[in-house]
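Visitor: Got a structure for you, questions after.
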């Protein structure tokens, strides 16, 4: 019983530690979400936590929104086969 509890705890921790992170990207254009206030940024945090993104925290890094604790289903920059601003 203790072994089962330890295994379950490890799996939960792995999910938390290895959560996806990256630049939030528009699926239609392939471009990163831009921001100008570096560091803590309400706009980036709001976008990352939006129900369709599912992130845990967002901030502005290198003039684009960086998100942490994203689900694997949320696309991050770059999207394969889609270049921002290029046809």
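Positions of Cβ are set from backbone N, Cα and C atoms, glycine also.
The following feature annotations were taken from Swiss-Prot:
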- 1-19: signal peptide (SIGNAL)
- 20-85: domain 'LCN-type CS-alpha/beta' (DOMAIN)
- 31-84: disulfide bond (DISULFID)
- 35-60: disulfide bond (DISULFID)
- 44-65: disulfide bond (DISULFID)
- 48-67: disulfide bond (DISULFID)
- 84: cysteine amide (MOD_RES)
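Could you give the neighbours, burial and distances for every feature on this list?
Guide: Here the domain 'LCN-type CS-alpha/beta' (20-85) returns a mean pLDDT of 96 for the predicted model.
For residue 31 (disulfide bond), applying a Cβ distance below 8 Å and a minimum sequence separation of six or more within one chain yields 25, 84, 85. DSSP assigns residue 31 (disulfide bond) to coil in the three-state reduction, placing it in neither a helix nor a strand.
Counting only same-chain residues six or more apart in sequence, the Cβ atoms lying under 8 angstroms from the Cβ of residue 60 (disulfide bond) belong to 35, 36, 37, 38, 39, 40, 41, 43, 44, 66.
Under the DSSP three-state reduction, residue 44 (disulfide bond) is assigned to helix.
Non-local contacts of residue 67 (disulfide bond) by the CB criterion (under 8 A, 6+ apart in sequence, same chain) comprise 21, 22, 23, 24, 44, 47, 48, 53, 55, 56, 57, 58, 74, 76. Residue 67 (disulfide bond) carries a strand DSSP state (E or B).
According to DSSP, residue 84 (disulfide bond) is assigned to coil rather than to any helix or strand.
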